[in-house]
Amino acid sequence: MKTLVLLSALVLLAFQVQADPIQNTDEETNTEEQPGEEDQAVSVSFGDPEGSALHEKSSRDLICYCRKGGCNRGEQVYGTCSGRLLFCCRRRHRH
């Protein structure tokens with residue numbers, strides 16, 4: 001079941017990468033930081049809506065951000081956003 005969750009995350013990431021427009025070479029050489037480019041929030045959830053054991057144990061919600069430079073403590077790189085930003089995710093804490 002953990003494999004299914006991982007594959008789902010990879011498929012979601014692949015769709016996101018394909019949905020991003022291809023950057024022009026002029027944009028890639030521009031090094032000025034654009035407002036709102038850093039720390040764009042994305043929420044990703046996996047699991048059975050009926051609250052199965054899979055949802056409770058192995059597919060906790062992820063909180064993801066597109067970050068410039070590197071992921072914060074507790075986050076892992078899951079890919080890229082728009083080619084230049086890192087797609088960083090961490091597990092949401094459950095109470």
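Placement of Cβ uses the backbone N, Cα and C atoms for every residue, glycine included.
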(request) Taking Cys66 as one end of a disulfide recorded in Swiss-Prot, give the other end from among Cys71, Cys81, Cys88. (result) Cys81
(message) Say which of Cys64, Cys88 is recorded by Swiss-Prot as the disulfide partner for Cys71.
(response) Cys88
(message) At 10 angstroms around each C-beta, which of the disulfide-bonded residues Cys64, Cys71, Cys89 has the fewest other C-beta atoms nearby?
(response) Cys71
(request) Round to the nearest Å and give the CA-to-CA distance linking Cys64 (disulfide bond) with Cys88 (disulfide bond). (result) 5
(request) Whole-number Å only: compute the distance from the Cα of Cys81 (disulfide bond) to the Cα of Cys88 (disulfide bond). (result) 9
(message) Return the count of C-beta atoms lying within 10 angstroms of the C-beta of Cys88 (disulfide bond), excluding that atom itself.
(response) 22
(message) Among all protein chains shown, how many Cβ atoms are found within 10 Å of the Cβ of Cys81 (disulfide bond), not counting that one?
(response) 22
